[in-house]
Amino acid sequence: MCGIAGVWNVEKSYNVLHDLLLGLQHRGQESVGIVLEDFKMIKSKGLVSQVLSESNFLPGNCGIGHVRYSTYGSNTEIQPLIGITSKGKFAIAHNGNIPDAESRINSLVEKGSVFNSTLDTEIFLHYISLAPYSDAILSIQWAFSRIPSAYSVVILGKDKLIAARDRFGFRPLFYGRYKNGYVIASEDSVLYSIGANQIVEVLPGEIVIFSDSGIEKVKYANTDVKFCSFEYIYFSRPDSNFLYGNVHRARYRMGEILFEESNMAGDIVIPILDSGFSGALGFSAASKIPIELGLMRNRYLGRSFIMPENREEIIRRKLVPIPEVIKDKEVIIIDDSIVRGTTMKQIVKMLKENGARKVKVGIHSPPVIGPCPYGIDTSRKNELIANQKSIGEILNEINADELHYLSVEGLKKAIGGDNLCLGCLNLNYPV
Ligand code: SF4
């Protein structure tokens, strides 16, 4: 879970990177890093608004940036990484995970490489250095063709900016025109939001090179698209668009199909904000059951001085029930997924304590039964409630009156295609 960004040939790239990373903040809140022209770098734990303040401004007309939620390596490590390779100096920012990173790192170390971080991302720098070419682009191509998955990356060199995706296209990446130059980001909505135009997807298996001579594209591998279905279910912004269209619309259809498959009946539909909102709208439209604000989301929890002492307290602060809406009602709550089950259990309890007659739970994705090796932190296998328990047991555990998930076929229909990774949902991992 990370967001990456890049800027080429735009004055005050620092400000542009700030705005791009701010728009990608939902993809990672642990740390922020940017590298600008001449490899000037700022990295720190914290949010974009805390790390990239006006007082830290650095000049430069190009750069790359990263927001991180750690999935591999220590959570004290912050990207981008800078390395001096035999092909020149590079800074790299990476979204995704290399599933066999450990054996690759061990084999490089045995051959004499010295690793400076615990991040799988560093493997790219070692491979670029070891590539049997003197040319930097050929070396980068060689490195990518040896690592099947999972990555979307931006690389800054002395006179070039490079954007690339693995041949499966697990993680998204887009670029567009901005003023006299170019901007790159994990999600297209972020590029639109800063006023970029002519927005194009970096294709799976493609390297896009930005330099003073313009754009050059190199296809370095045959594509076999397996886009992460979780980007559609939960991870990305609702205003983003991927290969099968808009994320909000896909979630809306997930809600519609969830109703068609489950036929759940009730008095009101309550979305779990923000993740279940689009799905709840779709469910409500299809079922003709009115949608209501029964749980209000407190957006400012992070700024509280009185820290909650346990998970129950955290959820109570995050989602505030409105008793007048809930009392004596048969309530259907809609959320995107259940991972460990602890949050849903608290929500059901809270709704019942506030007078709900019945609480039914609709999940607009199939049960999460496996971990993600490609860069989303869906927890370990034994922490996933749907891996450990049957649907009936989960229903008992969360103490709801009904529980319905969307089917895998329903999910594919809602998204609109099947060039998707569904590994954590059906254990059919593409790599
Ligand atoms: Fe996405 Fe799940 Fe595949 Fe990971 S395993 S890439 S979270 S669909």
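In case you wondered, yes, glycine gets a Cβ from its N, Cα and C as well.
Curation plays no part in TrEMBL annotations; they are all automatic predictions.
The Cβ of Cys2 (active site, nucleophile) has Arg27, Gly28, His66, Val67, Arg68, Tyr69, Thr71, Gln79, Ala93, His94, Asn95, Gly96, Ser186, Gly375 as same-chain neighbours under 8 Å, each 6 or more residues away in sequence. A strand conformation is recorded for Cys2 (active site, nucleophile) in the three-state DSSP classification. Feature annotation from TrEMBL assigns active site, nucleophile to Cys2.
When Cβ atoms from all protein chains are considered, those within 10 Å of Cys421 ([4Fe-4S] cluster binding site) total 26, not counting its own. The DSSP secondary structure for Cys421 ([4Fe-4S] cluster binding site) is strand. Among the features that TrEMBL reports, [4Fe-4S] cluster binding site is placed at Cys228, Cys372, Cys421, Cys424.
For Ser275, Asp335, Asp336, the entry in TrEMBL reads Mg(2+) binding site. Sequence-distant neighbours of Asp336 (Mg(2+) binding site) (same chain, 6+ apart, CB under 8 A from its CB) are Ile233, Tyr234, Arg251, Ile272, Ser275, Gly276, Gly279, Ile363, His364, Ser365. A coil conformation is recorded for Asp336 (Mg(2+) binding site) in the three-state DSSP classification, outside any helix or strand.
Annotated domain 'Glutamine amidotransferase type-2' per TrEMBL: 2-213, in sequence order.
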Among the binding-site residues Cys228, Cys372, point out the residue whose Cβ has the most other Cβ atoms within 10 Å, with all shown protein chains included in the count. Cys228
Near the Cβ of Ser275 (Mg(2+) binding site), how many other Cβ atoms are there if near means within 10 Å? 20
Which residues, in sequence order, are found in the same chain with Cβ within 8 Å of the centroid defined by the Cβ atoms of Ser275, Asp335, Asp336 at the Mg(2+) site, excluding those residues themselves? Ile233, Tyr234, Ile272, Gly276, Gly279, Ile334, Ser337, Ile363, His364
Close-lying recorded positions around ligand 1 among Cys2, Asp336, Cys372, where CB distance stays under 6 Å: Cys372
